[in-house]
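Student: Let me give you the structure first, and then I'll get to my questions.
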Amino acid sequence: MTPRANGTLSGKSLQEFVLEGFQGGLQTPALLFALFLALYLAAVLGNLTMIVVITLDARLHSPMYFFLKNLSFLDLCYSSVIYPKALANVLSSAKVISFGGCASQFFFFSMMGTTETLLLTVMAYDRFLTICSPLHYPITMCPEACARLVLGCYGGGCLNSGVQTILTFRLPFCSSNHIDHFFCDVPPLLLLACADTAINELVMFGICGLIIVGTTLGVLISYAYITVTILRMRSGAGRHKLFSTCGSHMTAVSLFYGNVFVMYAQPGAVESMEQGKVVSVFYTLVIPVLNPLIYSLRNKEVKEALWRLGHKHTAP
């Protein structure tokens, strides 16, 4: 890359970025590598287990578990888009990612994140229909309808990601090629641009805010109806079972939405990079580890399916 006369980089000659990652002493890279590797392996193992169990166990072939399997797939891809490269960079002195690699990483990361946000709302809608409209549920949530809902989530994810990627990577990055993050994301990339980023920040805040507020309202309205319906039930055991099932989903929604809102849907989010790195680790790695635990430990059907699968492969 050729510096300009004022010491900045030519936008046309920019071919790669340097991911700065986390700052620290000599022991920091080794500790980060061990932490990232342990969490990433846990995320891969947990989500692959959920996908395999739901696929192989016929008793889990229902809309709720179809959506849960897709959630596990998204969490698996979500982490895999970021952490293999992050792990390689932790122990590398170069920490380089190509311009195209950075754009690709951001596109798929953004697509998976938006799709998961929409899918969590679809899962709330599925719970609403199950509890509040059980007679119409088999018709409303037939396999074709479930497939269309999931495809719609992916379509929305691709649309948002495409807009964000085009707007971000058409900017001239001529001030520096050092990204103050461990993966390619909008806030740190906007700080490198030598053009006015007001439109980009407005679009990011507007689209992300609209998605988060819209989906949050969808979840809250669904669970408001669910809560009223459950409280009207006479069976205490039935109320406990339904609250337990819905509680798993509400826990996952609260964790994911809360972190995404802190990172993308508030003005000034692009200015707090150190906080952003920690928040990013939580929603790109910790949550994919927690989701299989949340949905398995609090779900009797999943635990029974795990036991049947384990017993089937260990029985003589």
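Here the Cβ of each residue, glycine as well, is placed from N, Cα and C on the backbone.
When I checked TrEMBL for this same protein, it listed these features:
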| type | residues | note |
| --- | --- | --- |
| DOMAIN | 46-295 | domain 'G-protein coupled receptors family 1 profile' |
| TRANSMEM | 30-54 | transmembrane segment |
| TRANSMEM | 66-83 | transmembrane segment |
| TRANSMEM | 202-226 | transmembrane segment |
| TRANSMEM | 247-266 | transmembrane segment |
| TRANSMEM | 278-297 | transmembrane segment |
Student: Kindly say whether the transmembrane segment (30-54) and the transmembrane segment (278-297) touch, using the definition of 3 or more Cβ pairs under 8 Å where each pair is 6 or more positions apart.
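Tutor: When sequence-distant Cβ pairs are counted, the transmembrane segment (278-297) touches the transmembrane segment (30-54), since at least 3 lie under 8 Å.
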Student: Averaged over the whole of the domain 'G-protein coupled receptors family 1 profile' (46-295), what is the pLDDT?
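Tutor: That stretch averages a pLDDT of 86.
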